[in-house]
Amino acid sequence: MVASARVQKLVRRYKLAIATALAILLLQGLVVWSFSGLEEDEAGEKGRQRKPRPLDPGEGSKDTDSSAGRRGSTGRRHGRWRGRAESPGVPVAKVVRAVTSRQRASRRVPPAPPPEAPGRQNLSGAAAGEALVGAAGFPPHGDTGSVEGAPQPTDNGFTPKCEIVGKDALSALARASTKQCQQEIANVVCLHQAGSLMPKAVPRHCQLTGKMSPGIQWDESQAQQPMDGPPVRIAYMLVVHGRAIRQLKRLLKAVYHEQHFFYIHVDKRSDYLHREVVELAQGYDNVRVTPWRMVTIWGGASLLRMYLRSMRDLLEVPGWAWDFFINLSATDYPTRTNEELVAFLSKNRDKNFLKSHGRDNSRFIKKQGLDRLFHECDSHMWRLGERQIPAGIVVDGGSDWFVLTRSFVEYVVYTDDPLVAQLRQFYTYTLLPAESFFHTVLENSLACETLVDNNLRVTNWNRKLGCKCQYKHIVDWCGCSPNDFKPQDFLRLQQVSRPTFFARKFESTVNQEVLEILDFHLYGSYPPGTPALKAYWENTYDAADGPSGLSDVMLTAYTAFARLSLHHAATAAPPMGTPLCRFEPRGLPSSVHLYFYDDHFQGYLVTQAVQPSAQGPAETLEMWLMPQGSLKLLGRSDQASRLQSLEVGTDWDPKERLFRNFGGLLGPLDEPVAVQRWARGPNLTATVVWIDPTYVVATSYDITVDTETEVTQYKPPLSRPLRPGPWTVRLLQFWEPLGETRFLVLPLTFNRKLPLRKDDASWLHAGPPHNEYMEQSFQGLSSILNLPQPELAEEAAQRHTQLTGPALEAWTDRELSSFWSVAGLCAIGPSPCPSLEPCRLTSWSSLSPDPKSELGPVKADGRLR
């Protein structure tokens, strides 16, 4: 009793302290519970992370040719932004989100969060269907945790035919944009839940066990030995997309022989390339274009359907008696001659050549997503849940580039064997089906002993650069892509340990020199004086496509380029600046090309119909606009700076480490990226500062650069619209300048392909609300950076928001002329202007001779090259 009384007395005396302690314990428990929930959620959403998972030992060097990466994310929650640095083979540099402002102006009002775009809204769970609409109507920044670009729902009242319970399927339904796609997803899921979609077991006919991988050796002397029977004839299946017609012609020129056959499928979205390929095929009886076209997305089931349909076509073309089927893309190129390839295949005319993933089947199944159900619609590959691999068979796979015998192709296309029929059903709902279907059919068929674990190619894999989840906007998975070959990779092209006859990838916009080296190695040099060997042109716009394929930024830039060029012609010294050389543009440009020389971007070539100011017929001119460099390296002379370059642009390709938006044309609604390239040296921490045209410090952040770091890049989440005009990005160390560059946010003369209206200009060209680009204010850095007083610049910026019509065009032209210069003009047809050279006689025009990419007649030896 005494002890009880003491306890009660103590409780009464310290009841306030006890209550406080209990409250603190309760609060801590809630916090721990909350964070544990977050960790569990993140564990299931690893695909959202920007940084790729650590590679297994040897994975970076093993050439498995499989492009699957790891599980992607369907995007449950928007993640915080983070910076990245890249440096292959060494620990990456860290980008630190460090607020370097010294004070915050109390008068500034923090902006509301930017609205979520239709393609990036979080529509899973309770938020489904509650799309936020932005007042300005422009998209926000991409979210690392979402399937960027995946279409979003337009009809949230869709009701499936069964109760769908899987989180992957529910997420796909919430994100699909069309009712047809939602219906397809629901039908597939309902059939799968009922157990009637996937085969439970598949018959296996192969009597062998283990991997069928007979080694085949090859040396150059075998090409000279007599063949067993007549030389084989090859059906080349070329699967192409994009706009690189000149590189495709160069490939065709290298592999062409009159004894072979060429069947070309052009992606349904590549109309310009299709027109060019159809014209190309008219000159050769053994070159045909598929009369049908499909949209073949990366990882999609459509690619396998395209191959199977093409195989049927090739089997049924009268007179095309081919022995082998070889698929190629426009980024492939031969590494040995046609004679060597024919000799090799003639000695192995009963073999099928496919590259396998290796020995660890269970790991391959997980990595490839074969145990997941996928469906393709709305040009997206949706992950819908888990599934079981059919019993009774060995699942294999690796590369979707192969060399197959005609007999095996006939078996796959025409057989009613349950093995093929049921595997077709299984692979209809499979990610990357072409990387596994033919392997699995062959390895379980009676022809399993014909499999050779070699697809006769060498692929330039660098998984630390190529596995960046770059396809998550079209597939709910993380995938990999091989790197482009460069001259330093040439030794890899000379494989001696195994027979290889093709290599990939090559891109002339990235590096053309390696193609020159390889072409010389195979066929010798072109005659002395051959033009354009170091030049490359690629079309970016053609009038036949219409302006719908152009962004407002590109439409603004191309029309401004034409005006600048015509103004240059009219104001130049005689003989250019005569009345006969004064023109007015007629309509929109008819075509635009990228121009490269010696693997350096040289600018845009704009073809424009014009009307002479003097009396005369209409003419067509081509104009060359060249970018002007604005980089300043400002490191102290007594301290060698590691900084090599500082660039700002959009469409950064982390795999090839370049901006795909050549020339850096960007507008108020774009999301620019700052990229720094470094030489090796001591660790350093640098500060990056972005300054807008009115001297507003838009953002500042620190980057830590390790000793071996080569590239750092970061896209700050700036509020938009960005203020048009010249921006400055400074790089400092201890507030001492290392480098500085300028870039242009282009004032738009078009909005939604129509001339800009005043009510649109008033917000589109005004910068972000309250001049706040970030939640933090960095204006306190103005004095440290010695920025000018902003009043005059602010007044000019305010006037610019009211401009439309010719006044707006004049402002756009002035700004553009500070970053671009007219490098040349030429006439496509006859012109009275005495100083206009015919385009065909120039070295830079897209109409000038380009022998390396011109096909011409078949030579006496049956070849084009």
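Cβ coordinates come from backbone N, Cα and C, glycine included.
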| request: Given that Swiss-Prot annotates Val239, Asp267, Thr296, Ile297, Trp298, Asp400, Trp401, Arg504, Lys505 as UDP-alpha-D-xylose-binding, name the residue from Ser407, Ser481, Ser497, Ser525 that shares the site. | output: Ser481
| said: With the disulphide bonds as Swiss-Prot has them, who is the partner of Cys826, out of Cys833, Cys839? | reply: Cys839
| field | Listed range which Swiss-Prot flags as region 'Disordered', given the options 346-365, 706-725, 846-865 | value | 846-865
| query | According to Swiss-Prot, which residue among Cys448, Cys467, Cys581 is joined to Cys480 by a disulfide bond? | reply | Cys467
| query | According to Swiss-Prot, which candidate among Cys448, Cys478 shares a disulfide with Cys469? | reply | Cys478
| remark: CB neighbours within 10 A of Cys469 (disulfide bond), counting all protein chains shown, number 23
| request: Consider the disulfide-bonded residues Cys162, Cys467, Cys480, Cys826 and say which one has the Cα lying nearest the Cα of Cys833 (disulfide bond). | output: Cys826
| said: Can you tell me how many other Cβ atoms are located within 10 Å of the Cβ belonging to Cys448 (disulfide bond)? | reply: 18
| query | Among the disulfide-bonded residues Cys190, Cys206, Cys467, Cys581, Cys826, whose Cα is within 10 A of the Cα of Cys478 (disulfide bond)? | reply | Cys467
| task | List the Cα distance (Å, whole number) between Cys162 (disulfide bond) and Cys448 (disulfide bond). | result | 41
| C-alpha spacing of Cys826 (disulfide bond) relative to Cys206 (disulfide bond), in angstrom | 66
| task | Inside 10 Å of the Cβ of Cys162 (disulfide bond), count up the other Cβ atoms and send me the figure. | result | 13
